[in-house]
Structures are given as C-alpha cells and as structure tokens.
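As recorded in TrEMBL:
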- 39-289: domain 'G-protein coupled receptors family 1 profile' (DOMAIN)
- 24-45: transmembrane segment (TRANSMEM)
- 57-77: transmembrane segment (TRANSMEM)
- 89-118: transmembrane segment (TRANSMEM)
- 139-160: transmembrane segment (TRANSMEM)
- 196-218: transmembrane segment (TRANSMEM)
- 239-259: transmembrane segment (TRANSMEM)
- 271-291: transmembrane segment (TRANSMEM)
Amino acid sequence: MKNTTSLPEFHFIQLSEDPDLQTVVFGLLLSMYILTLFGNLLIILTVSSDSHLHTPMYFFLSNLSMVDIGFISTTVPRVIVDIHVHCPVISYLGCLTQMSLLIIFACMDDMLLAVMAYDRFVAICHPLYYQAIMNPSCCGVLVLGSFLVSLLELLLHYVAVLKFYNFEKYNEISNFFCGSSEVLKLACFDSVICNIVRYCIGTIFGLLPISGIIFSYFKIISSIMRSSSSSGKYKTFSTCGSHLSIVCMFYGTALGVYFGSSLSHSTKSNAVASVMYTLVTPMLNPFIYSLRNKDIKSALRKILSRVC
C-alpha cells in the first residue's frame, strides 16, 4: 500500500495557452455556466409548478435537467478556478472524486435519454396503453434504475483503475478534467488491457442505450409513416426532433472522446469534443426543449404573468 505522501498529482491541459485568450475563455465559460444553470432550473421550476406538465415525458425532462446541472457543475467551476489561479492541478483524491461524479452524471444522462426515447415509443406506438405502462411507479423505477446502472459503471471503473494502479508522482491528463478514459489510460501498465477494459465498459453503458434509442425511433418512424394525418406527423416529428438533436450531440461527442482517446494523440481535439458534451449539450438542452415545445412555452408564459 502506498502512503499518502506518495499520492500523485494530476495536471490538466489548458484550453488556451495565450494569456489574453484565457481571459476570454474565463468569461465565456462563466457565462455559459450561468446560462446553463438558469435554463435547467427554469425547466425544473416550470414542470413542477404546472399541473398540466405532470406527465412522464416532463418528469423525465426535469430529471434530465437536474442531472445536467450536476454534470456541468462537476467540471466547469473547477476549470474557471484553474484559469483564475493559473494552476491546473488536482490531487489524487480530487481527481477520483471528479471522475466518480462525472461517471454518475454522464451515465445518468445517457440512460435518461434512452428512457425518454422509450417513453416516446410507448406514447406513439401504443397510445391506448400509455397511461397503464408509464404509470408513476414505472417512471420512478426507470429513474432509480438509471441511477443504479450509473453506480454499476462507477464500480467497474473503480475496479479497473485500482486493479491497474500505475500512477507516477506527476501525471498529465490530456483533457481539462479527470475523465474516466484518461484516468484509466494513466493507471494501466498495458495499453492493450486498458483498451479492452475501455471498450467493454463503453459498449455496455454507451452502445447498448443508444441501440435502444435507435430501435425506439425506428418503431416510431414506422408508426408515423403509416399515419394518414399530416398534422400528427408534424407534431410527432417536432417532439422527437428535440430529443434526437440532444441525443446526437451528447452521444456523438461523448462516445467519440471515450473511445477515441486511445487512438487520437491530439489533446486539443479531445478537449474541444469534451466541451461539446460537458458544456454545450447541458446548456442547449433546456432551450431546445422549451423553444420547440408549446406546453413548456405556455407554462412559462403563465409563470411570467404571475411574476409581472
């Protein structure tokens, strides 16, 4: 067992080496973080305050907003502080803590996106049984199951990291946060074993949920094509389009960074892709849903009318 005096430190890469650009990055990250908090809190407030929105779809949306707040709060405040103090360094325990929170929130995010796709599948393909299938107990079980799956993924990463514990005193992480893929790469003696572990975990917790999403939307599109109502088709495509845009942005960049970190040697490209799914997606999520959803916009008008 290594004593606490030999615990390593981890050095992040900086999003910009230029001192002038660092000020711009600082202001941009802070603005986007505040905007993300405001947008997601507004979604949660709107859904909780309007009884018409107490449905499974908006229940999952409000949970997704809470997860997004936790997800972005795990990385961005730390980056903002690092830019301010000019010291992108984190301790061993701090790195494992950040990695743990990231795994939980990221896995919760992708599981909730899969659950939301299943909810739309039941609503569109089996409308007569929707209330019976997506009852409050079932919705609660789906959210709880998403959390338990997140804990299972965290446990597997912990076992892998501690099993192949091989950290040096000083380590450079090729990103601006302690992502599971980067930490696993530093912990492994053998890159082949590291890649096997990475691909196994990524396939189970990344590709399986997205396979469920693809299957759900295949069934949804098939059902829509059989419908004769053009207005119904437009409404369905509008509702599902919002969800699909979030799915493409989140899964495309997150899986790209997770699987591509072992193949790509460009730290900057990994960092840019990481910004997309850790910052841009949580920020755009509430606005995509609210701007394209009549129920949300109507509820927001009611809230604003009460305030004003």
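Start at 1 and count along the chain as shown; that gives each residue its number.
Including glycine, each Cβ sits where the backbone N, Cα and C put it.
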Can at least 3 Cβ pairs under 8 A be found between the transmembrane segment (271-291) and the transmembrane segment (139-160), with each pair 6 or more apart in sequence?
no
Can you give me the average pLDDT across the domain 'G-protein coupled receptors family 1 profile' (39-289), rounded to a whole number?
82
Hey, does the transmembrane segment (196-218) touch the transmembrane segment (57-77), meaning at least 3 C-beta pairs closer than 8 angstroms, sequence gap 6 or more?
no
List, by number or range, the same-chain residues at least 6 past the transmembrane segment (139-160) whose CB is under 8 A from its CB atoms?
56, 59-60, 63, 99-100, 103-105, 107-108, 111-112, 115, 118, 180, 184, 187, 197, 201, 204-205
